[in-house]
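Lifted from TrEMBL, the feature list:
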type	residues	note
BINDING	GLY111, THR112, PHE144, ASP229, GLU230, ILE231, GLN232, THR288	pyridoxal 5'-phosphate binding site
BINDING	ARG147, THR287	N(2)-acetyl-L-ornithine binding site
MOD_RES	LYS258	N6-(pyridoxal phosphate)lysine
Amino acid sequence: MIQKRGIFMDNYMERTENYVLHTYNRAPVVFESGEGVYLKDTDGKKYLDFAAGIAVMGLGYHYPGFDEALKAQIDKVIHTSNLFYNVPLADAAERLVEASGMSKVFFTNSGTEAIEGAIKAARKYAFLKGPKPGYEIIAMNHSFHGRSVGALSVTGNPHYQEAFKPLMDGVRFADFNDLESVKAQINEKTCAILLETVQGEGGIYPADKEFLEGIRALCDEHDLLMILDEIQCGMGRCGEMFAWQTYGVQPDIMTCAKALGCGVPVGAFVLNEKTASASLVPGDHGTTYGGNPFACAAAAKVLEIFKEKDITGHVRQVAPYLEQKLDELTEKYDCLTGRRGMGLMQGVVVGNGKTVGEVINAARECGLIVISAGSDVLRLVPPLIIEKEHIDEMVQKLSAALDSLQ
Ligand SMILES: *Cc1c(COP(=O)(O)O)cnc(C)c1O
């Protein structure tokens, strides 16, 4: 049931392949606009979006007041550099500190840069303790932290790393949710333990409560910094502003990006008082764009909307219904073999002779956008503003897609 694409769509796809470096195998669809929780392609076909631009569009498309805030900032000033103060920087930083209960923020342009900054802050913290500073970082297998060389070095996926070695020195890997394996990697050179609170790209694995508490205890015992990567699972996706808040376990450093700007590229690493007061100082770290007025106007508005509209409360209200419906689908279809996740970050395992790629393509034909995580997980990370009716529509479209594969 492959639908014929219009001539415009073919033209955009062809020119993209002609001129853009081929690092992605893109799905054959060209999106032109979005509204709420829907996307429209250049042929005018409408799709229910359960991918949200990879967990970025937390507020969906054109959330009331968001575009207006961006446009207002464009009319004032969009960039000034970090050599000066600007208005939205103060607003965004204050709101992020308030939302996290942490102490200081550094704004970046992406998630991978937030990870880079977190690594540097951790190493500087250890350096200041001297005289034999620790520098090793313990990261997790099947983790994902980004594609720059530093972030790639702590990404526990040999497939991504292979062609780019040697990577950054001083990284050891342990198994997620296996505290003993983490303990086994600690030595006098260790300075930090880095993990996603809920592993995203690796296949949607939430941390066990005992595991997260155990990591916190290990860090306290050995004076190591606990770095939580909240780039995907943070910003309300798991039912609190940050997933660690649902566990009651506080990191020393947190990274944030994806939904922080709801489509405007902005990331951040956030430090607690202990780390902020004994790590990076002027000259240690910088960025030309990072924290510019436009990006910060986006982050400040997003954080304002989250607070005023109680977006996390909404997530806690609709997420159980999504879980229930996904469990019913898993029950009904042989090729769906399990579900796991937290809040509106859900993964359904595909197997029994069907691949996740087939399911994604069939879903798209049926007007539903979903993506994968790991090799066999269907990832559902919709805009956080979805209502029950959208979940019902997702179920109906995903069922049609699965039926078409029988
Ligand atoms: C997406 C992601 C990153 C990388 O963010 P970019 O903005 O793509 O650089 C890092 N960590 C996690 C957990 C992510 O999901």
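Placed from the backbone N, Cα and C atoms, the Cβ positions cover glycine too.
TrEMBL labels come from automatic prediction, so no person has curated them.
On the structure: features taken from TrEMBL.
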{"residue": "GLY111", "record": "pyridoxal 5'-phosphate binding site", "contacts (Cβ under 8 Å, 6+ apart)": "HIS145, GLY146, ALA151, ILE231, THR255, ALA257, LYS258, GLY267"}
{"residue": "THR112", "record": "pyridoxal 5'-phosphate binding site", "contacts (Cβ under 8 Å, 6+ apart)": "HIS145, GLY146, ARG147, SER148, ALA151"}
{"residue": "PHE144", "record": "pyridoxal 5'-phosphate binding site", "contacts (Cβ under 8 Å, 6+ apart)": "THR155, ASN157, GLU196, GLN199, GLY200, GLU201, GLY202"}
{"residue": "ASP229", "record": "pyridoxal 5'-phosphate binding site", "contacts (Cβ under 8 Å, 6+ apart)": "ILE115, SER143, HIS145, LEU194, LEU195, GLU196, THR197, MET254, THR255"}
{"residue": "GLU230", "record": "pyridoxal 5'-phosphate binding site", "contacts (Cβ under 8 Å, 6+ apart)": "GLU196, THR197, PHE242, ALA243, TRP244, MET254, THR255, CYS256"}
{"residue": "THR287", "record": "N(2)-acetyl-L-ornithine binding site", "contacts (Cβ under 8 Å, 6+ apart)": "ASN82, PHE107, THR108, ASN109, GLU113"}
{"residue": "THR288", "record": "pyridoxal 5'-phosphate binding site", "contacts (Cβ under 8 Å, 6+ apart)": "SER81, ASN82"}
Candidates ASP229, ILE231, THR288 (binding-site residues) with CB under 6 Å from ligand 1, in sequence order, are ASP229, ILE231
Could you measure the widest C-alpha to C-alpha distance across GLY111, THR112, PHE144, ASP229, GLU230, ILE231, GLN232, THR288, the residues recorded as binding pyridoxal 5'-phosphate, and give it to a whole number of angstrom? 25
Please work out which residue of ARG147, LYS258 has the most C-beta neighbours within 10 angstroms of its C-beta, and give that one of the recorded positions. LYS258
Three-state secondary structure of ASP229 (pyridoxal 5'-phosphate binding site) from DSSP? strand
Near GLN232 (pyridoxal 5'-phosphate binding site), how many other Cβ atoms are within 10 Å of its Cβ? 29
